[in-house]
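Listed in TrEMBL for this protein:
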- 38-77: region 'Disordered' (REGION)
- 67-77: compositional bias 'Basic residues' (COMPBIAS)
- 83-102: transmembrane segment (TRANSMEM)
- 89-532: domain 'Major facilitator superfamily (MFS) profile' (DOMAIN)
- 137-157: transmembrane segment (TRANSMEM)
- 169-191: transmembrane segment (TRANSMEM)
- 197-218: transmembrane segment (TRANSMEM)
- 230-248: transmembrane segment (TRANSMEM)
- 260-281: transmembrane segment (TRANSMEM)
- 346-367: transmembrane segment (TRANSMEM)
- 382-404: transmembrane segment (TRANSMEM)
- 411-433: transmembrane segment (TRANSMEM)
- 439-466: transmembrane segment (TRANSMEM)
- 478-499: transmembrane segment (TRANSMEM)
- 505-528: transmembrane segment (TRANSMEM)
- 546-585: region 'Disordered' (REGION)
Amino acid sequence: MKCSEKDSADSKESDLAGKKLNCRISCRAPAPSWTLPPAQRCPGTARGRRSMDSRAWARAGAAERGRSRRGTPGRRTRKDWSCSLIVASLVGAFGSSFLYGYNLSVVNAPAQYIKSFYNESWERRHGHPIDPDTLTLLWSVTVSIFAIGGLVGTLMVKLIGKVLGRKYTLLVNNGFAISAALLMACSLQAGVFEMLIMGRFIMGVDGGIALSALPMYLNEISPKEIRGSLGQVTAIFICIGVFTGQVLGLPELLGKESTWPYLFGVIAVPAFVQLVSLPFLPESPRYLLFEKHDQAGAEKAFQTFLGKEDVSREVEEVLTESRVQRNIQLVSVLELLRSPLVRWQVFTVVATMACYQLCGLNAIWFYTNSIFGKAGISPEKIPYITLSTGGIETLAAIFSGLVIERLGRRPLLMGGFGLMALFFGILTITLTLQDHAPWIPYLSIVSILAIIASFCSGPGGIPFILTGEFFQQSQRPAAFIIAGTVNWLSNFAVGLLFPFIQKSLGTYCFLVFAAICLTGAAYFYFVLPETKNRTQAEISQAFAKRNKAYPPENTDSAASDTKVTRRPEPDPASTLDNYVKNGVV
């Protein structure tokens, strides 16, 4: 009994001592407004506590506040998809990436009629038929000059975008599309084949501008919770454009000798729709804040695109980034290439764009008709069967847009290129053995459709999304110039070199593309971090270790900007040192 009373008295004394200790702590220093991370909640020694980096404590507190403010990551609600956001993405893509896809496929159906037009024009001028080699050269120029125009358009984006902004760059770009449509549609009546070639070049300029300005616009108007899905609209409309070009090229529609110029005149319709619709939508709010310093206009744009009145959190996030970059001008391409802070981001953009064009999808179209013919399909029905490839492209792109915010960018890229490598290997085997059994050509058809689906489910649209996510506002135009340059040069290289590769390797040429796809998948596995639901600052931190250079701390700039309007908060590290010196921790 005495023993229990003694224990009870000891416990009361310890409780009283604990209360006194808590009182001393609360009187000597203010309680910090941050929460210690779990791994560092109870450091081992006083010496270890003194040596802690103050910036580590600040980052931990900022991350903790960010988590409580953002809520559960990856959760997507219907409120994110406002009517204005949907209209902006559809109208922007219809007048931009749709035309790019349409011009990729529209020249295939009327190819023989265009060559006849070249021959007739040449004979009318020179009095003799055109030489076959000259005709082949003119046709090659007609097809490939689209890529050269795309490169020129890409190099123009930074200058036009700086002066006009994202929205008005897209609007001005419609002038290129309409003028190109008029040139190509009137070339047959005028009897001047140079008008068709010049129109293809101008449409390339339109495509180069569109594939840089549109992803920037969509990236800057979308909430990060649906940034990937909205970014996939670019790829979806490219596939819809390819499919539309195949449908309109059927002989029953516009793929006839008397009507093929109208195939090119159709280009003016999407451009006109965008020209009359896009002016009613706001400019990119990030562009208004960063480059025009129009906070009222940016708030109104955020309210329109997000469909809510309270946009203070979104505006504050952009202003925080703006404080850090207030004295930073638009970065040039050379400065971006030299910057150690984004070295691996640039490498990754170059790798994704190179794999996007060099993965061999363009080579698939070379074999499609011959494979369908080997399967016993009559030549008259092959154009209709080819429509299945455009349909598969569109469905796979839509599937990617639905799952990208659940699965992330990284798995879709690695899985897409990995599956392409697998099916390229199967296609090589089936093409080599296609005469050994009647069912093997059908397996080749399945492999072709599987390659197309694998490409469009991930690699077909994610490169454009990553380019917008990796870089700050001041770096983004230069980054899209680099990405676009690699894209169009790779496109031109495939068109130039593939005939020689196919001639020397035959059906084994697909092994080259399988190796490129495997290399790309391996690179993304080891280098690419997941960017889903992450801000640009968080993505930069993920690359910082590989870059061996850490971005500047946002908290320092934010503190320097706010010290005039409110009292500075006590430094967490100095508060901790005070606790240690007073011996109360």
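Just so you know, glycine gets a Cβ as well, placed from its N, Cα and C.
Here the transmembrane segment (382-404) sits against the transmembrane segment (439-466); at least 3 CB pairs are under 8 Å, leaving out pairs fewer than 6 apart in sequence. In this chain, the transmembrane segment (439-466) lies apart from the transmembrane segment (260-281): fewer than three C-beta pairs between them fall below 8 angstroms, excluding pairs fewer than 6 positions apart. With a cut-off of 8 Å between Cβ atoms, the residues of this chain six or more beyond the transmembrane segment (83-102) that come close are 170, 173-174, 177, 203, 206-207, 210-211, 213-214, 217-218, 221-222, 230, 233-245, 266-267, 270-271, 273-275, 277-278, 281-282, 304-307. Listed as Cβ neighbours of the transmembrane segment (137-157) (distance under 8 Å, sequence separation of 6 or more from its ends, same chain) are residues 103, 107, 111, 114-115, 118, 130, 169, 176, 193, 196-197, 200-213, 477, 480-481, 484-485, 487-489, 491-492, 495-496. If you look at the transmembrane segment (505-528) against the transmembrane segment (346-367), you find at least three C-beta pairs under 8 angstroms, all six or more positions apart, and that counts as contact. Between the transmembrane segment (197-218) and the transmembrane segment (478-499) there are 3 or more Cβ pairs closer than 8 Å, counting only residues 6 or more apart in sequence, so the two stretches are in contact.
Each residue in the domain 'Major facilitator superfamily (MFS) profile' (89-532) has a pLDDT score, and their mean in this model is 85.
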